[in-house]
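Quick look at what TrEMBL annotates:
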REGION    1-24  region 'Disordered'
DOMAIN    53-542  domain 'Major facilitator superfamily (MFS) profile'
TRANSMEM  159-179  transmembrane segment
TRANSMEM  185-205  transmembrane segment
TRANSMEM  217-238  transmembrane segment
TRANSMEM  244-263  transmembrane segment
TRANSMEM  275-292  transmembrane segment
TRANSMEM  349-367  transmembrane segment
TRANSMEM  387-409  transmembrane segment
TRANSMEM  416-438  transmembrane segment
TRANSMEM  458-480  transmembrane segment
TRANSMEM  492-511  transmembrane segment
TRANSMEM  517-538  transmembrane segment
(Lines of atoms letter the chains of each structure in order from A and count residues from 1; the text may use other names and numbers.)
(Lines give C-alpha, C1' and ligand atoms only; values in the text may rest on other atoms or scores of the structure.)
Protein backbone atom coordinates (compact mmCIF):
# COMPACT_ATOMS: atom_id res chain seq x y z
CA UNK A 1 0.00 0.00 0.00
CA UNK A 2 1.43 3.39 -1.03
CA UNK A 3 1.09 5.08 2.36
CA UNK A 4 1.15 8.84 2.34
CA UNK A 5 -0.14 9.40 -1.22
CA UNK A 6 -3.60 11.07 -1.31
CA UNK A 7 -4.91 8.83 -4.06
CA UNK A 8 -3.95 5.67 -2.16
CA UNK A 9 -5.32 6.43 1.30
CA UNK A 10 -8.30 4.46 2.59
CA UNK A 11 -11.24 6.50 3.82
CA UNK A 12 -12.95 4.38 6.48
CA UNK A 13 -16.46 5.36 7.55
CA UNK A 14 -17.30 6.14 11.15
CA UNK A 15 -18.33 2.60 12.09
CA UNK A 16 -14.75 1.45 11.82
CA UNK A 17 -13.88 -1.63 9.81
CA UNK A 18 -16.27 -1.51 6.86
CA UNK A 19 -14.52 -2.56 3.61
CA UNK A 20 -13.75 0.34 1.31
CA UNK A 21 -13.07 0.12 -2.41
CA UNK A 22 -9.68 1.38 -3.45
CA UNK A 23 -9.66 3.97 -6.23
CA UNK A 24 -8.19 2.87 -9.52
CA UNK A 25 -4.46 3.61 -9.64
CA UNK A 26 -3.55 6.67 -11.65
CA UNK A 27 -1.22 6.18 -14.59
CA UNK A 28 -0.31 9.73 -15.59
CA UNK A 29 1.88 10.57 -12.54
CA UNK A 30 4.01 7.45 -13.17
CA UNK A 31 5.82 8.70 -16.25
CA UNK A 32 8.85 6.39 -16.10
CA UNK A 33 6.74 3.41 -15.05
CA UNK A 34 3.71 3.68 -17.32
CA UNK A 35 3.61 6.65 -19.72
CA UNK A 36 6.99 6.43 -21.45
CA UNK A 37 6.98 2.61 -21.77
CA UNK A 38 3.53 2.82 -23.42
CA UNK A 39 4.87 5.41 -25.86
CA UNK A 40 7.73 3.20 -26.97
CA UNK A 41 10.15 3.55 -24.06
CA UNK A 42 13.58 4.71 -25.13
CA UNK A 43 12.88 3.99 -28.77
CA UNK A 44 14.07 5.34 -32.09
CA UNK A 45 12.29 8.68 -31.79
CA UNK A 46 13.67 9.36 -28.30
CA UNK A 47 17.18 8.39 -29.39
CA UNK A 48 17.01 10.79 -32.32
CA UNK A 49 16.01 13.61 -29.98
CA UNK A 50 18.88 12.77 -27.61
CA UNK A 51 21.32 12.91 -30.54
CA UNK A 52 19.99 16.38 -31.32
CA UNK A 53 20.94 17.41 -27.77
CA UNK A 54 24.46 16.03 -28.28
CA UNK A 55 25.37 18.04 -31.37
CA UNK A 56 25.35 21.49 -29.69
CA UNK A 57 27.55 20.15 -26.86
CA UNK A 58 30.58 20.40 -29.17
CA UNK A 59 29.80 24.05 -29.98
CA UNK A 60 29.25 24.83 -26.30
CA UNK A 61 32.70 23.43 -25.59
CA UNK A 62 34.18 25.84 -28.16
CA UNK A 63 32.55 28.86 -26.51
CA UNK A 64 33.40 27.85 -22.94
CA UNK A 65 37.12 27.56 -23.72
CA UNK A 66 37.43 30.52 -26.10
CA UNK A 67 38.76 32.80 -23.33
CA UNK A 68 42.08 30.97 -23.32
CA UNK A 69 42.71 32.20 -26.87
CA UNK A 70 40.81 35.47 -27.11
CA UNK A 71 42.32 36.79 -23.85
CA UNK A 72 45.69 35.01 -23.77
CA UNK A 73 48.62 37.06 -22.44
CA UNK A 74 51.28 37.69 -25.10
CA UNK A 75 55.05 37.92 -24.96
CA UNK A 76 56.12 41.57 -25.11
CA UNK A 77 59.14 43.43 -26.44
CA UNK A 78 59.67 47.09 -25.60
CA UNK A 79 60.76 48.76 -28.85
CA UNK A 80 60.68 52.34 -27.54
CA UNK A 81 61.58 52.75 -23.87
CA UNK A 82 61.20 56.08 -22.14
CA UNK A 83 64.84 56.19 -21.06
CA UNK A 84 67.82 56.08 -23.42
CA UNK A 85 68.40 52.42 -22.88
CA UNK A 86 68.72 49.54 -25.26
CA UNK A 87 65.69 47.49 -26.11
CA UNK A 88 64.77 44.79 -23.63
CA UNK A 89 62.47 41.83 -23.98
CA UNK A 90 60.03 40.43 -21.49
CA UNK A 91 58.17 37.16 -21.51
CA UNK A 92 55.06 36.53 -19.55
CA UNK A 93 53.50 33.07 -19.53
CA UNK A 94 50.48 32.91 -21.79
CA UNK A 95 47.15 32.32 -20.20
CA UNK A 96 45.93 28.78 -20.25
CA UNK A 97 43.23 27.10 -18.24
CA UNK A 98 45.23 27.50 -15.05
CA UNK A 99 47.92 30.05 -15.73
CA UNK A 100 48.58 33.31 -13.99
CA UNK A 101 48.21 36.45 -16.03
CA UNK A 102 51.17 38.52 -14.85
CA UNK A 103 51.81 42.02 -16.10
CA UNK A 104 54.70 42.62 -18.43
CA UNK A 105 57.91 43.32 -16.58
CA UNK A 106 61.55 43.65 -17.54
CA UNK A 107 63.83 40.66 -17.44
CA UNK A 108 67.43 40.27 -16.41
CA UNK A 109 68.78 42.14 -13.44
CA UNK A 110 66.85 45.32 -14.16
CA UNK A 111 65.51 46.67 -10.90
CA UNK A 112 64.50 50.15 -12.01
CA UNK A 113 61.95 51.88 -9.86
CA UNK A 114 58.53 51.67 -11.39
CA UNK A 115 58.82 48.09 -12.60
CA UNK A 116 57.11 45.29 -10.84
CA UNK A 117 54.34 42.85 -10.64
CA UNK A 118 50.75 43.75 -10.17
CA UNK A 119 47.71 45.04 -11.81
CA UNK A 120 47.77 48.78 -12.50
CA UNK A 121 51.56 48.89 -12.94
CA UNK A 122 52.79 51.76 -15.12
CA UNK A 123 55.45 50.38 -17.45
CA UNK A 124 58.35 52.60 -18.41
CA UNK A 125 57.91 51.97 -22.11
CA UNK A 126 56.25 53.95 -24.88
CA UNK A 127 55.68 51.17 -27.41
CA UNK A 128 55.33 47.41 -27.13
CA UNK A 129 55.60 44.66 -29.70
CA UNK A 130 53.33 41.87 -28.53
CA UNK A 131 53.48 38.30 -29.81
CA UNK A 132 51.04 35.50 -29.07
CA UNK A 133 51.94 31.85 -28.60
CA UNK A 134 48.42 30.38 -28.54
CA UNK A 135 47.62 29.86 -32.23
CA UNK A 136 46.45 33.39 -33.07
CA UNK A 137 48.57 36.23 -34.32
CA UNK A 138 46.30 38.83 -32.72
CA UNK A 139 43.68 38.74 -29.98
CA UNK A 140 41.85 41.17 -27.72
CA UNK A 141 44.93 41.85 -25.57
CA UNK A 142 47.16 42.76 -28.50
CA UNK A 143 44.38 44.60 -30.33
CA UNK A 144 43.89 47.17 -27.57
CA UNK A 145 47.29 46.81 -25.77
CA UNK A 146 45.81 45.49 -22.53
CA UNK A 147 49.15 45.22 -20.71
CA UNK A 148 50.77 46.89 -17.73
CA UNK A 149 48.36 49.49 -16.34
CA UNK A 150 45.53 48.17 -18.57
CA UNK A 151 46.00 44.52 -17.65
CA UNK A 152 43.08 44.62 -15.19
CA UNK A 153 40.69 44.98 -18.14
CA UNK A 154 41.62 41.46 -19.24
CA UNK A 155 40.39 40.06 -15.93
CA UNK A 156 37.16 42.05 -16.22
CA UNK A 157 36.64 40.51 -19.66
CA UNK A 158 37.14 37.05 -18.12
CA UNK A 159 34.70 37.86 -15.34
CA UNK A 160 32.06 38.93 -17.84
CA UNK A 161 31.55 35.50 -19.44
CA UNK A 162 31.50 33.66 -16.09
CA UNK A 163 29.26 36.18 -14.33
CA UNK A 164 26.91 36.15 -17.31
CA UNK A 165 26.77 32.36 -17.11
CA UNK A 166 25.97 32.46 -13.38
CA UNK A 167 23.05 34.83 -13.90
CA UNK A 168 21.97 32.82 -16.92
CA UNK A 169 21.79 29.58 -14.97
CA UNK A 170 19.69 31.18 -12.25
CA UNK A 171 17.28 33.10 -14.48
CA UNK A 172 16.94 30.58 -17.30
CA UNK A 173 16.44 27.74 -14.81
CA UNK A 174 13.41 29.50 -13.35
CA UNK A 175 12.10 30.30 -16.84
CA UNK A 176 12.48 26.66 -17.89
CA UNK A 177 10.24 25.63 -15.00
CA UNK A 178 7.71 28.40 -15.62
CA UNK A 179 7.42 28.52 -19.42
CA UNK A 180 8.88 25.18 -20.48
CA UNK A 181 12.16 23.82 -21.76
CA UNK A 182 11.49 24.42 -25.45
CA UNK A 183 10.96 28.23 -25.27
CA UNK A 184 14.13 28.65 -23.21
CA UNK A 185 16.10 26.55 -25.71
CA UNK A 186 14.92 28.53 -28.74
CA UNK A 187 15.34 31.96 -27.10
CA UNK A 188 18.85 31.01 -25.97
CA UNK A 189 19.83 29.97 -29.50
CA UNK A 190 18.47 33.15 -31.07
CA UNK A 191 20.11 35.54 -28.62
CA UNK A 192 23.30 33.48 -28.61
CA UNK A 193 23.64 34.16 -32.32
CA UNK A 194 22.87 37.85 -31.87
CA UNK A 195 25.23 38.56 -28.98
CA UNK A 196 27.90 36.05 -30.00
CA UNK A 197 28.31 37.48 -33.47
CA UNK A 198 28.16 41.04 -32.09
CA UNK A 199 31.21 40.28 -29.93
CA UNK A 200 33.30 39.91 -33.09
CA UNK A 201 32.51 43.51 -34.06
CA UNK A 202 33.41 45.13 -30.73
CA UNK A 203 35.18 48.48 -31.07
CA UNK A 204 36.70 48.55 -27.58
CA UNK A 205 37.24 46.33 -24.60
CA UNK A 206 34.21 47.76 -22.75
CA UNK A 207 31.89 46.72 -25.55
CA UNK A 208 33.63 43.36 -25.75
CA UNK A 209 33.14 42.67 -22.02
CA UNK A 210 29.50 43.76 -22.05
CA UNK A 211 28.58 41.58 -25.02
CA UNK A 212 30.47 38.67 -23.53
CA UNK A 213 28.28 38.94 -20.43
CA UNK A 214 25.16 38.46 -22.53
CA UNK A 215 26.84 35.72 -24.53
CA UNK A 216 27.54 33.85 -21.28
CA UNK A 217 23.94 34.42 -20.19
CA UNK A 218 22.57 32.84 -23.37
CA UNK A 219 25.17 30.07 -23.33
CA UNK A 220 24.02 29.11 -19.82
CA UNK A 221 20.38 28.94 -20.91
CA UNK A 222 21.32 26.78 -23.87
CA UNK A 223 23.43 24.35 -21.85
CA UNK A 224 20.85 24.07 -19.05
CA UNK A 225 17.83 23.48 -21.30
CA UNK A 226 19.65 20.82 -23.31
CA UNK A 227 20.79 19.07 -20.12
CA UNK A 228 17.27 18.99 -18.69
CA UNK A 229 15.69 17.84 -21.96
CA UNK A 230 18.22 15.04 -22.28
CA UNK A 231 17.55 13.81 -18.73
CA UNK A 232 13.78 13.93 -19.16
CA UNK A 233 13.82 12.01 -22.44
CA UNK A 234 15.60 8.96 -21.01
CA UNK A 235 14.39 6.05 -18.95
CA UNK A 236 16.32 5.35 -15.70
CA UNK A 237 18.75 2.87 -17.27
CA UNK A 238 19.86 5.31 -19.98
CA UNK A 239 20.18 8.62 -18.15
CA UNK A 240 23.82 8.47 -17.08
CA UNK A 241 25.26 7.03 -20.29
CA UNK A 242 23.45 9.57 -22.47
CA UNK A 243 24.69 12.40 -20.26
CA UNK A 244 28.29 11.18 -20.39
CA UNK A 245 28.28 11.15 -24.19
CA UNK A 246 27.43 14.86 -24.10
CA UNK A 247 30.30 15.40 -21.63
CA UNK A 248 32.70 13.66 -24.01
CA UNK A 249 31.60 15.97 -26.81
CA UNK A 250 32.18 19.06 -24.68
CA UNK A 251 35.68 17.84 -23.86
CA UNK A 252 36.11 17.22 -27.59
CA UNK A 253 35.39 20.89 -28.15
CA UNK A 254 38.15 21.71 -25.67
CA UNK A 255 40.60 19.44 -27.50
CA UNK A 256 39.73 20.84 -30.93
CA UNK A 257 39.85 24.48 -29.89
CA UNK A 258 43.62 24.98 -30.46
CA UNK A 259 43.28 23.59 -33.99
CA UNK A 260 40.34 25.89 -34.71
CA UNK A 261 42.37 28.85 -33.44
CA UNK A 262 45.32 27.86 -35.66
CA UNK A 263 43.04 27.76 -38.73
CA UNK A 264 41.91 31.31 -38.02
CA UNK A 265 45.48 32.66 -37.97
CA UNK A 266 46.49 35.31 -40.53
CA UNK A 267 43.01 35.69 -41.97
CA UNK A 268 43.02 38.35 -44.73
CA UNK A 269 41.15 41.62 -44.11
CA UNK A 270 40.05 40.59 -40.65
CA UNK A 271 41.62 40.26 -37.20
CA UNK A 272 42.27 36.69 -36.11
CA UNK A 273 40.23 36.90 -32.91
CA UNK A 274 37.22 38.22 -34.83
CA UNK A 275 37.36 35.29 -37.23
CA UNK A 276 37.68 32.85 -34.33
CA UNK A 277 34.65 34.33 -32.58
CA UNK A 278 32.56 34.10 -35.76
CA UNK A 279 33.69 30.51 -36.38
CA UNK A 280 32.73 29.27 -32.91
CA UNK A 281 29.33 31.03 -32.92
CA UNK A 282 28.18 30.34 -36.49
CA UNK A 283 27.50 26.58 -35.93
CA UNK A 284 24.62 27.50 -33.63
CA UNK A 285 22.70 28.38 -36.79
CA UNK A 286 22.20 24.63 -37.18
CA UNK A 287 19.95 24.74 -34.12
CA UNK A 288 17.38 27.09 -35.65
CA UNK A 289 15.32 24.19 -37.08
CA UNK A 290 14.89 22.96 -33.48
CA UNK A 291 11.91 25.33 -33.37
CA UNK A 292 9.96 22.79 -35.44
CA UNK A 293 11.93 19.56 -34.87
CA UNK A 294 12.31 19.50 -31.10
CA UNK A 295 9.12 19.09 -29.03
CA UNK A 296 8.40 20.28 -25.54
CA UNK A 297 9.25 17.88 -22.74
CA UNK A 298 6.27 15.55 -22.27
CA UNK A 299 7.38 14.92 -18.71
CA UNK A 300 7.19 18.64 -17.90
CA UNK A 301 3.78 18.97 -19.57
CA UNK A 302 2.32 16.17 -17.45
CA UNK A 303 3.96 17.32 -14.23
CA UNK A 304 2.60 20.87 -14.65
CA UNK A 305 -0.89 19.66 -15.75
CA UNK A 306 -0.70 20.87 -19.36
CA UNK A 307 -2.98 17.97 -20.24
CA UNK A 308 -4.35 19.34 -23.51
CA UNK A 309 -0.87 19.73 -24.98
CA UNK A 310 0.10 16.36 -23.54
CA UNK A 311 -2.88 14.67 -25.18
CA UNK A 312 -2.07 16.15 -28.59
CA UNK A 313 1.58 15.08 -28.30
CA UNK A 314 0.79 11.50 -27.23
CA UNK A 315 -1.86 10.99 -29.93
CA UNK A 316 0.68 11.98 -32.58
CA UNK A 317 3.02 9.19 -31.46
CA UNK A 318 0.91 6.12 -30.79
CA UNK A 319 -2.60 5.13 -29.80
CA UNK A 320 -2.74 5.34 -26.03
CA UNK A 321 -6.22 4.13 -25.22
CA UNK A 322 -5.26 3.31 -21.64
CA UNK A 323 -4.46 6.99 -20.95
CA UNK A 324 -7.36 8.58 -22.81
CA UNK A 325 -10.05 8.14 -20.09
CA UNK A 326 -7.80 9.59 -17.43
CA UNK A 327 -6.67 12.40 -19.73
CA UNK A 328 -10.25 13.32 -20.55
CA UNK A 329 -11.03 13.60 -16.85
CA UNK A 330 -8.07 15.90 -16.25
CA UNK A 331 -8.53 18.27 -19.19
CA UNK A 332 -10.53 20.76 -17.12
CA UNK A 333 -7.61 21.36 -14.75
CA UNK A 334 -5.54 24.49 -15.17
CA UNK A 335 -1.74 24.27 -15.51
CA UNK A 336 0.13 24.57 -12.23
CA UNK A 337 3.60 26.03 -12.45
CA UNK A 338 6.16 25.91 -9.67
CA UNK A 339 9.20 27.98 -8.80
CA UNK A 340 12.42 26.93 -7.13
CA UNK A 341 11.45 29.10 -4.14
CA UNK A 342 8.91 26.42 -3.16
CA UNK A 343 11.88 24.20 -2.39
CA UNK A 344 12.17 26.02 0.95
CA UNK A 345 8.87 24.52 2.10
CA UNK A 346 10.25 20.98 1.84
CA UNK A 347 12.08 19.13 4.58
CA UNK A 348 14.69 17.03 2.77
CA UNK A 349 14.76 18.26 -0.81
CA UNK A 350 16.31 21.64 -0.05
CA UNK A 351 19.01 19.99 2.07
CA UNK A 352 19.95 17.68 -0.79
CA UNK A 353 20.19 20.57 -3.25
CA UNK A 354 22.27 22.68 -0.85
CA UNK A 355 24.69 19.77 -0.31
CA UNK A 356 25.11 19.37 -4.07
CA UNK A 357 25.63 23.13 -4.50
CA UNK A 358 28.46 23.06 -1.95
CA UNK A 359 29.95 20.00 -3.67
CA UNK A 360 29.87 21.68 -7.06
CA UNK A 361 31.39 24.90 -5.69
CA UNK A 362 34.15 22.98 -3.90
CA UNK A 363 34.94 20.78 -6.89
CA UNK A 364 35.45 23.63 -9.33
CA UNK A 365 37.10 25.90 -6.75
CA UNK A 366 39.76 23.44 -5.65
CA UNK A 367 40.30 22.40 -9.27
CA UNK A 368 41.99 25.76 -9.86
CA UNK A 369 44.25 25.20 -6.83
CA UNK A 370 45.45 21.87 -8.22
CA UNK A 371 45.83 23.32 -11.70
CA UNK A 372 48.03 26.17 -10.53
CA UNK A 373 50.22 23.79 -8.51
CA UNK A 374 50.71 21.65 -11.60
CA UNK A 375 52.14 24.48 -13.70
CA UNK A 376 55.88 24.62 -14.20
CA UNK A 377 56.99 28.22 -13.68
CA UNK A 378 60.33 27.56 -15.40
CA UNK A 379 58.86 26.22 -18.64
CA UNK A 380 59.02 28.20 -21.85
CA UNK A 381 55.87 30.17 -22.70
CA UNK A 382 55.01 28.13 -25.79
CA UNK A 383 55.56 24.80 -24.08
CA UNK A 384 53.69 25.99 -21.00
CA UNK A 385 50.64 26.97 -22.98
CA UNK A 386 50.26 23.81 -25.03
CA UNK A 387 51.43 21.37 -22.34
CA UNK A 388 49.12 22.71 -19.64
CA UNK A 389 46.14 23.10 -21.94
CA UNK A 390 46.33 19.58 -23.32
CA UNK A 391 47.06 18.18 -19.87
CA UNK A 392 43.83 19.74 -18.63
CA UNK A 393 41.91 18.33 -21.58
CA UNK A 394 43.49 14.90 -21.13
CA UNK A 395 42.54 14.83 -17.45
CA UNK A 396 38.95 15.74 -18.41
CA UNK A 397 38.84 12.83 -20.88
CA UNK A 398 40.26 10.44 -18.29
CA UNK A 399 37.67 11.61 -15.78
CA UNK A 400 34.78 10.91 -18.15
CA UNK A 401 36.21 7.47 -18.90
CA UNK A 402 36.60 6.64 -15.20
CA UNK A 403 33.15 7.91 -14.20
CA UNK A 404 31.30 5.36 -16.30
CA UNK A 405 32.54 2.17 -14.56
CA UNK A 406 32.79 3.87 -11.15
CA UNK A 407 29.16 4.97 -11.14
CA UNK A 408 28.10 1.61 -12.57
CA UNK A 409 29.76 -0.22 -9.68
CA UNK A 410 29.22 2.14 -6.75
CA UNK A 411 26.17 4.14 -7.77
CA UNK A 412 25.77 7.90 -7.76
CA UNK A 413 26.30 8.48 -4.05
CA UNK A 414 29.10 5.94 -3.68
CA UNK A 415 30.96 7.32 -6.69
CA UNK A 416 30.58 10.92 -5.53
CA UNK A 417 31.77 10.04 -2.04
CA UNK A 418 34.78 8.11 -3.38
CA UNK A 419 35.98 10.92 -5.64
CA UNK A 420 35.46 13.51 -2.89
CA UNK A 421 37.61 11.44 -0.51
CA UNK A 422 40.35 11.24 -3.16
CA UNK A 423 40.15 15.01 -3.65
CA UNK A 424 40.46 15.64 0.08
CA UNK A 425 43.43 13.27 0.43
CA UNK A 426 45.25 14.81 -2.55
CA UNK A 427 44.70 18.29 -1.16
CA UNK A 428 45.78 17.49 2.38
CA UNK A 429 48.84 15.55 1.25
CA UNK A 430 49.87 18.36 -1.05
CA UNK A 431 49.52 20.93 1.71
CA UNK A 432 51.11 18.89 4.49
CA UNK A 433 53.38 16.15 3.14
CA UNK A 434 55.52 18.44 1.01
CA UNK A 435 56.31 20.66 3.99
CA UNK A 436 57.29 17.61 6.07
CA UNK A 437 59.68 16.42 3.34
CA UNK A 438 61.47 19.73 3.34
CA UNK A 439 61.44 20.26 7.09
CA UNK A 440 62.62 16.92 8.43
CA UNK A 441 63.97 14.68 5.68
CA UNK A 442 66.06 16.81 3.35
CA UNK A 443 66.82 19.98 5.24
CA UNK A 444 70.42 20.09 3.95
CA UNK A 445 70.03 18.84 0.37
CA UNK A 446 68.02 21.72 -1.04
CA UNK A 447 68.30 20.61 -4.68
CA UNK A 448 66.89 17.13 -4.01
CA UNK A 449 64.27 18.61 -1.70
CA UNK A 450 63.01 21.03 -4.36
CA UNK A 451 63.00 18.28 -6.99
CA UNK A 452 60.97 15.91 -4.82
CA UNK A 453 58.60 18.69 -3.81
CA UNK A 454 58.01 19.55 -7.45
CA UNK A 455 57.38 15.95 -8.50
CA UNK A 456 55.07 15.20 -5.59
CA UNK A 457 53.22 18.45 -6.16
CA UNK A 458 52.59 17.63 -9.82
CA UNK A 459 51.49 14.08 -8.97
CA UNK A 460 49.03 15.22 -6.30
CA UNK A 461 47.80 17.99 -8.57
CA UNK A 462 46.97 15.58 -11.39
CA UNK A 463 45.17 13.24 -9.00
CA UNK A 464 43.30 16.15 -7.43
CA UNK A 465 42.28 17.63 -10.79
CA UNK A 466 41.05 14.23 -11.90
CA UNK A 467 38.92 13.63 -8.81
CA UNK A 468 37.64 17.22 -8.45
CA UNK A 469 36.47 17.22 -12.06
CA UNK A 470 34.61 13.98 -11.37
CA UNK A 471 33.01 15.48 -8.25
CA UNK A 472 31.77 18.51 -10.20
CA UNK A 473 30.38 16.48 -13.10
CA UNK A 474 28.65 13.96 -10.85
CA UNK A 475 27.18 16.63 -8.56
CA UNK A 476 25.41 18.29 -11.50
CA UNK A 477 24.03 14.97 -12.74
CA UNK A 478 23.01 13.97 -9.20
CA UNK A 479 20.98 17.16 -8.85
CA UNK A 480 19.18 16.58 -12.15
CA UNK A 481 18.08 13.13 -10.92
CA UNK A 482 16.78 14.01 -7.46
CA UNK A 483 15.14 17.38 -8.25
CA UNK A 484 11.44 17.11 -9.17
CA UNK A 485 10.39 17.91 -12.73
CA UNK A 486 8.37 20.93 -11.66
CA UNK A 487 11.52 22.68 -10.34
CA UNK A 488 14.27 20.73 -12.10
CA UNK A 489 15.40 23.74 -14.12
CA UNK A 490 15.73 25.94 -11.06
CA UNK A 491 17.46 23.27 -8.98
CA UNK A 492 19.93 22.47 -11.72
CA UNK A 493 20.47 26.19 -12.26
CA UNK A 494 21.46 26.59 -8.60
CA UNK A 495 24.06 23.81 -8.80
CA UNK A 496 25.45 25.08 -12.12
CA UNK A 497 25.61 28.63 -10.74
CA UNK A 498 27.55 27.29 -7.74
CA UNK A 499 29.95 25.66 -10.20
CA UNK A 500 30.30 29.06 -11.89
CA UNK A 501 31.24 30.66 -8.58
CA UNK A 502 33.88 27.98 -8.15
CA UNK A 503 35.32 28.70 -11.60
CA UNK A 504 35.23 32.42 -10.82
CA UNK A 505 37.92 31.94 -8.18
CA UNK A 506 40.55 31.47 -10.92
CA UNK A 507 40.33 34.99 -12.45
CA UNK A 508 39.89 36.48 -8.97
CA UNK A 509 43.21 34.96 -7.89
CA UNK A 510 44.83 36.19 -11.11
CA UNK A 511 43.49 39.69 -10.51
CA UNK A 512 45.16 39.73 -7.09
CA UNK A 513 48.38 38.30 -8.57
CA UNK A 514 47.89 35.00 -6.69
CA UNK A 515 48.02 36.70 -3.28
CA UNK A 516 46.33 34.52 -0.69
CA UNK A 517 46.65 31.41 -2.85
CA UNK A 518 47.68 29.17 0.06
CA UNK A 519 44.74 30.32 2.19
CA UNK A 520 42.47 29.79 -0.81
CA UNK A 521 43.67 26.18 -1.05
CA UNK A 522 43.32 25.58 2.69
CA UNK A 523 39.71 26.84 2.72
CA UNK A 524 38.68 24.56 -0.12
CA UNK A 525 40.53 21.63 1.48
CA UNK A 526 38.41 22.14 4.61
CA UNK A 527 35.31 22.29 2.41
CA UNK A 528 36.12 18.86 1.00
CA UNK A 529 36.07 17.40 4.51
CA UNK A 530 32.70 19.02 5.17
CA UNK A 531 31.35 17.67 1.88
CA UNK A 532 32.39 14.11 2.78
CA UNK A 533 30.19 14.27 5.88
CA UNK A 534 27.26 15.88 4.04
CA UNK A 535 27.36 13.36 1.19
CA UNK A 536 26.28 10.65 3.61
CA UNK A 537 22.92 12.41 3.85
CA UNK A 538 22.13 12.03 0.15
CA UNK A 539 19.90 9.27 -1.28
CA UNK A 540 20.79 6.88 -4.10
CA UNK A 541 18.72 7.64 -7.24
CA UNK A 542 20.22 4.94 -9.48
CA UNK A 543 17.49 2.95 -11.20
CA UNK A 544 14.74 5.06 -9.64
CA UNK A 545 12.14 7.00 -11.66
CA UNK A 546 12.59 10.73 -11.79
CA UNK A 547 10.50 12.60 -9.21
CA UNK A 548 7.76 14.68 -10.82
CA UNK A 549 6.23 16.76 -8.01
CA UNK A 550 7.60 18.26 -4.81
CA UNK A 551 5.96 15.43 -2.88
CA UNK A 552 7.81 12.90 -5.05
CA UNK A 553 11.06 14.76 -4.40
CA UNK A 554 10.55 14.20 -0.70
CA UNK A 555 10.24 10.43 -1.20
CA UNK A 556 13.97 9.94 -1.67
CA UNK A 557 15.36 9.05 1.74
CA UNK A 558 18.78 7.97 2.86
CA UNK A 559 19.84 4.47 3.79
CA UNK A 560 23.17 3.25 5.08
CA UNK A 561 25.93 2.45 2.63
CA UNK A 562 25.95 -1.17 3.82
CA UNK A 563 22.67 -1.92 2.03
CA UNK A 564 23.09 -3.14 -1.55
CA UNK A 565 20.55 -0.73 -2.96
CA UNK A 566 18.33 2.19 -2.15
CA UNK A 567 14.58 1.93 -1.81
CA UNK A 568 12.14 4.55 -2.91
CA UNK A 569 10.83 5.21 0.60
CA UNK A 570 8.07 7.61 1.49
CA UNK A 571 8.36 10.18 4.20
CA UNK A 572 4.78 9.42 5.13
CA UNK A 573 6.02 6.20 6.68
CA UNK A 574 7.38 8.32 9.50
CA UNK A 575 4.86 11.14 9.29
CA UNK A 576 1.74 9.26 10.33
CA UNK A 577 -1.63 10.88 9.92
CA UNK A 578 -3.30 11.36 13.31
CA UNK A 579 -6.32 13.29 12.05
CA UNK A 580 -8.65 10.37 12.83
CA UNK A 581 -7.51 9.99 16.42
CA UNK A 582 -10.16 11.16 18.89
CA UNK A 583 -10.45 11.12 22.63
CA UNK A 584 -13.03 8.63 23.95
CA UNK A 585 -14.82 8.48 27.28
CA UNK A 586 -12.81 7.56 30.28
CA UNK A 587 -11.63 3.98 30.48
CA UNK A 588 -9.76 2.09 33.03
CA UNK A 589 -6.06 2.19 32.36
CA UNK A 590 -3.68 -0.66 33.05
CA UNK A 591 -3.15 0.71 36.53
CA UNK A 592 -6.84 1.21 37.18
CA UNK A 593 -6.68 5.02 37.08
CA UNK A 594 -10.18 6.24 36.15
CA UNK A 595 -8.90 9.72 35.24
CA UNK A 596 -6.61 8.60 32.43
CA UNK A 597 -8.23 9.11 29.03
CA UNK A 598 -7.43 6.46 26.46
CA UNK A 599 -7.60 7.46 22.80
CA UNK A 600 -9.58 5.24 20.44
CA UNK A 601 -7.50 4.81 17.27
CA UNK A 602 -9.54 3.92 14.25
CA UNK A 603 -8.02 1.40 11.93
CA UNK A 604 -6.52 2.69 8.69
CA UNK A 605 -6.86 -0.69 7.05
CA UNK A 606 -9.82 -2.01 5.10
CA UNK A 607 -10.66 -5.66 4.96
CA UNK A 608 -11.84 -7.43 1.84
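Backbone N, Cα and C atoms are what each Cβ position is placed from, and that goes for glycine too.
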What same-chain residues lie close to the transmembrane segment (517-538): Cβ under 8 Å, and 6 or more beyond its ends?
351-352, 355-356, 358-359, 361-362, 365-366, 369, 372, 413, 416-417, 420-421, 423-424, 427-428, 430-431, 471, 478, 482, 505, 509, 558, 561
Highest-contact recorded stretch vs the transmembrane segment (244-263), from 185-205, 275-292, 387-409, CB pairs under 8 Å:
387-409
Most CB pairs under 8 Å with the transmembrane segment (458-480): which of 185-205, 217-238, 275-292, 387-409?
387-409
Could you give the residue numbers and ranges of same-chain residues that sit at least 6 residues beyond the transmembrane segment (387-409) on either side and whose C-beta is under 8 angstroms from one of its C-beta atoms?
68, 96-99, 240-241, 244, 247-248, 251, 254-255, 258, 371, 374-376, 379, 415, 418-419, 462, 465-466, 469-470, 473-474, 542
